[in-house]
Amino acid sequence: MFYFIIDILGIISFAISGVLVAMDKRLDLFGVFIIAFVTATGGGTLRDLLIGNTPVLWMQEPTYVYVIAGTVVFAIIFRNQLKYVRRSLFLFDTIGIGLYTMVGISHGLQSGLPPVMCIALGTITACFGGVIRDILCNEIPVIFRKEIYATACIMGGIGFFLLRKLPYDDAYAYVATILIVIGIRLLAVKFKISLPSIYRSAKEG
Amino acid sequence: MFYFIIDILGIISFAISGVLVAMDKRLDLFGVFIIAFVTATGGGTLRDLLIGNTPVLWMQEPTYVYVIAGTVVFAIIFRNQLKYVRRSLFLFDTIGIGLYTMVGISHGLQSGLPPVMCIALGTITACFGGVIRDILCNEIPVIFRKEIYATACIMGGIGFFLLRKLPYDDAYAYVATILIVIGIRLLAVKFKISLPSIYRSAKEG
Amino acid sequence: MFYFIIDILGIISFAISGVLVAMDKRLDLFGVFIIAFVTATGGGTLRDLLIGNTPVLWMQEPTYVYVIAGTVVFAIIFRNQLKYVRRSLFLFDTIGIGLYTMVGISHGLQSGLPPVMCIALGTITACFGGVIRDILCNEIPVIFRKEIYATACIMGGIGFFLLRKLPYDDAYAYVATILIVIGIRLLAVKFKISLPSIYRSAKEG
């Protein structure tokens, strides 16, 4: 139940981030809904496709469609007031990527994949909805350019496999993973830490 | 047989719409073929991937490849005359999305998915070839920005599940679905109806 | 063993081509890694998804991740010296697409697909990593616009199915395919041959 509430809050904040990007591009109602939908479900969809878990999760669970549709209607109506809840949205989004990282890792373990692939699946689940959103909106994905976002998920995933070696139940490692992801993301934003851009001194290489 | 002819006409008109976009981008012969191919088959491919119906349909049916290749050659040779058949192309395209909506819904029912997912699959089958075409050509998908296109497919899908409750054979509901999609699209184009763009009054939200 | 070395050299040169494009876009470390990764593995991933071969190949083989990660670190450190190995990279890349074409065809045969689909899978395996790289970097894929690249793979594939009719072991046809792809690509670059752009004389068609 607790898990379910966090899941829904994560989906809502992902969907709203999609609505915001879609409105900047002046898409129509259908476009806004699709962008919100892929932002919220795209990471999990890519994960399910890569491991062959079909029909993909959201196809089997209509709740997601209704929650996202409701969120889109709500976000459009209150579109000029969204700035007042920006901090809450950021927090939900951060909790969301922590949770999704854990969900992705758990799917990888169930498919019998090696640790590095589980970490990849966790990161894909948490981050690639935003990647697909940006591609559909004709932008280079923001997580390839700035912000500690995927990095937090990768760190959380590494933390999980280290902690898992301790003689405790896996549940502790899962909770710790979520906290690591959230903690790194919050610290990175607070102290404005980001990965360096990589480029060449001259272009003719 | 009748179904087959409509299917081929739909593929031809989708492929030509791909050729037209690709020529505007001055792609080479290979690029034009790929854009035509994904426009015609991309929606069904995405549907097959999401429900796990692999190898995807066009892999099992070489006819599609030959029809699309022939269409591309034909469209390139007569590229400066295509404007004279624009009305026919629009009509084939409209019939095509009606048919594809129905095909997608029918795949969803076969996979035992709930109605809202069947409608989603119908819309994906009909519309997402064009989405992939636009992404490969570095444009924001046109159906996210204007025109009643996906909306007609969604309406047709809702119509199908309403009509299906009547005590008639499903075949009638399928035919009615195709007619609803075609009707809404024709009316929307005739009366220049489109969904409103969604945007904020200020950007700082 | 010989096969394995060529495979690794191909992956390294694909990954470096990804690093070069990503650096031109000034992506951060994570972005550079992802672009390198999809360039090297994207074609095979798309092939595996289309035929339903899941979990996709790289998920089952962590070696790829480590080779690509090492290549990215190396390429970033020596980013201003990469021009001195440009010829070697071009050669590895060309050998790589020859090999990948053959690998794709062989997967198609194993899935019992008709020749035209096997050739399509070979071309997808060899070329679509670069397509996904360009889409993620917000460019129209370079192989749709210029250079004999996919064409060489298609020719190699056609050659395979012609040679296969001769009364020799398939192994000869596979080797010949690789040589055909490499030969056509080298000749095309040496003599600056490319496919013509397709466009209309006027835009109103």
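Backbone N, Cα and C atoms are what each Cβ position is placed from, and that goes for glycine too.
TrEMBL annotations: computationally assigned, not manually curated.
Database features, via TrEMBL:
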- C:5-79: domain 'Glycine transporter' (DOMAIN)
- C:91-164: domain 'Glycine transporter' (DOMAIN)
- C:6-23: transmembrane segment (TRANSMEM)
- C:30-51: transmembrane segment (TRANSMEM)
- C:63-82: transmembrane segment (TRANSMEM)
- C:89-107: transmembrane segment (TRANSMEM)
- C:113-136: transmembrane segment (TRANSMEM)
- C:148-166: transmembrane segment (TRANSMEM)
- C:172-191: transmembrane segment (TRANSMEM)
Could you tell me how many residues in the domain 'Glycine transporter' (C:91-164) are helical, how many are strand and how many are coil under DSSP? 59 helix, 0 strand, 15 coil
Intrachain neighbours beyond the transmembrane segment (C:113-136), with Cβ under 8 angstroms and 6 or more residues off its ends: 14, 17-18, 21, 34-35, 38-44, 46-47, 50-51, 96-98, 100-105, 107, 142-144, 149-150, 153-154, 156-158, 160-161, 181
Pull the DSSP breakdown for the domain 'Glycine transporter' (C:5-79) and write it out as helix, strand, coil residue counts. 63 helix, 1 strand, 11 coil
Mean of the pLDDT scores, which run from 0 to 100, over the domain 'Glycine transporter' (C:91-164): 92
